[in-house]
Amino acid sequence: MPKWELYYRRMQRVKEKMTDQNQFKRRLRVCVATCNRADYSKLAPIMFGIKSHPEEFDLEVVVLGSHLIDDYGNTFRMIEQDNFDIGSKLHTIVRGEDEAAMVESVGLALVKLPDVLQRLRPDILIIHGDRFDALALATAAALMNIRILHLEGGEVSGTIDDSIRHAISKLAHYHACCTPRAEQYLIAMCEDHSRILLAGCPSYDKLLSTHHKDDYMDIIKSWLGDKVQRHDYVVALQHPVTTDIQHSIKIYGLMLDALISFNKKTLILFPNIDAGSKEMVRVMRKKGIEQHHNFRAVKHIPFEQFIQLVLGRETGENVLHVRDADTHNKIYHALELQFGKRYPCSKIYGDGNAVPRILKFLRTIDLDEPLQKTFCFPPVKDSISQDIDHILETQSALSVDLGGTNLRVAIICMQGKIVKKYAQPNPRTFEARMHLLLKMCSDAMRDAVSLNCRILGVGVSTGGRVNPQEGVVLHSTKLVPEWSSVNLRTPISDALHLPVWVDNDGNCAALAERKFGHGKGVEDFVTIITGTGIGGGIIHNSELIHGSSFCAAELGHIMVSLEGPECSCGSRGCIEAYASGQALQREAKRLHDEDLLKVEGMDMKLSEPITAAHLISAAKLGNSKANAVLNRACTALGVGIVNILHVVNPSLVILSGVLASYYETPVQHIITERALISAQGIKVVTSDLEEPALLGAASMVLDYATRRTY
């Protein structure tokens, strides 16, 4: 027989053998055990995925724990409604909801589970999370040499759950975790990297799939009634901390008090079955929550609805920690800080493709490889978190205002309170000014220690055109001479060893309004400073506009006349040339020199310098010349603001500075008279902030140093 024919027949036999092996390849027997409503929401997508591949997987479902208790909603029914065959129902909960009952429940589960696992003989058992029921499952399976896939290991929540979760991770053979940080922590716990899958959260697969993106307002109204408004409700949920039950109960009462005071429609879920839950329910009922007109108390909400109600364990930007919630006011203030905000979508828990990754991971499991685990010892980076105590009490900014007359420094805390302020006349030379600035900042830093303020950074407000990216004053105004091409960031940062932010005083005024003033929560507004000069800032889509060469919002130099008086910028007809304090002072001096300023009843001393205040006083007493000057100033400012409205279309105009209250009514009148119909309803208000430049400089530090923007 020819060699080629022998080769052909040998290859045919190999091919037939491989085909026979594939035909008789055994399906992977996967057992999914679920203990409560929360873990089912994570396991269900995987169960659906396994069920959709019957040629590869044989699914067995075991239900135990609070699923089978009426007080917690008999949630096993939703598993049946999802058309899963429940192979075993194990009543494993010993009632009592205290520490002893939890231990007895684990013991009861360990008594019942061996028979079930012996009967099912799964190749792999999938367990989720950090519940005491799950610890019983992992213990039984590990001792019976059943491979365990643990979901959501490596996470940290700060309670006894951490100990249980990490114990399960040590018993588990494989891991499917949700976040990169959780993966790092598992590696730090000596788990074999090759057996860790960074899958993302299985719940996201359901959440991010297009057929589940219903109008969430329908869901909200189904629970809270038709009168509830978008972004005007609260979903509340708190479980007991089993390592400190009494403190948990106290905090729960404080949270309920804060929610009652907050006076918003609130959907509150009953606590889970952990020790302390009964006492928490008693607190709820003692405060009349179930009968309160603002509250709806429920035992269970389907996951796909619950996730529509609250979007956000690992702390993204949308999470504010209240770790030591020892007062009602602290919780209430945290509610105020967070309520109504919309944070950008975060992919911290994955991209919606966790289930396909987990199924692929299951397919790669080699049942012939040794069951014994091996361990590794890689490093891990510590995480950084935030506390409400730091945000509200200790975290502060060092704020600097480089004015034309005075140099001012202040310690400002997160709430916008000026803890301490320092002021000195601003030297005229660069060297003297920098020396004084650094000395004042150093003094403030020393005082901050005794005042229990932790300085996060330095914010500087200055006149002129500023490059905030480099911390450089590009061109100064005439009010602050010798102050161009000056790098402020480097010398201050080098001297104080702190991050430094620098911006124009007009922009700082806008930032102050965004964080502490009328602009809080307003996406589009304009702030105009009416002081010695005219300046301001523009907030668009909640962000400050700087422009391509950092000269956006030079509002004082909007031209309202082709001729007009000369402006400090060298041009003519600018708003500042008509309506600034300097312009009004100039006109007041002119009238005084012509003996046309003083009128009967006007108190004016001979030695007193002439100011804009004298012009305003004369106009109020009937001086027609002074009144004409002021009318022209009001018209110039009003027309300039109308131009701003037609260009950037803000929803609010905030006037700041010493002349703001005088200009408010005339400017509003000019807008009504001269603006387009669509802009005539835009409101003009006077700022309530006493120190906008200092507060704005502080806001740069408080927002960026904490990576939060309120």
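Note: Cβ is positioned from N, Cα and C throughout, glycine not excepted.
Remember, it's a predicted structure, so these values are computed and weren't measured experimentally.
What TrEMBL records for this protein:
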| type | residues | note |
| --- | --- | --- |
| DOMAIN | 55-310 | domain 'UDP-N-acetylglucosamine 2-epimerase' |
| ACT_SITE | Asp505 | active site |
| BINDING | His557, Cys567, Cys569, Cys574 | Zn(2+) binding site |
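Looking at Cys567, Cys569, Cys574, the binding-site residues in this record, the fewest other C-beta atoms within 10 angstroms of the C-beta turn up around Cys569.
Apart from the site residues His557, Cys567, Cys569, Cys574, the chain places the Cβ of Glu554, Gly556, Met559, Ser568, Gly570, Ser571, Ile575, Glu576, Ala577 no farther than 8 Å from the centroid of the site's Cβ atoms, the recorded Zn(2+) location. Confidence over the domain 'UDP-N-acetylglucosamine 2-epimerase' (55-310), given as mean pLDDT on the 0 to 100 scale, stands at 85.
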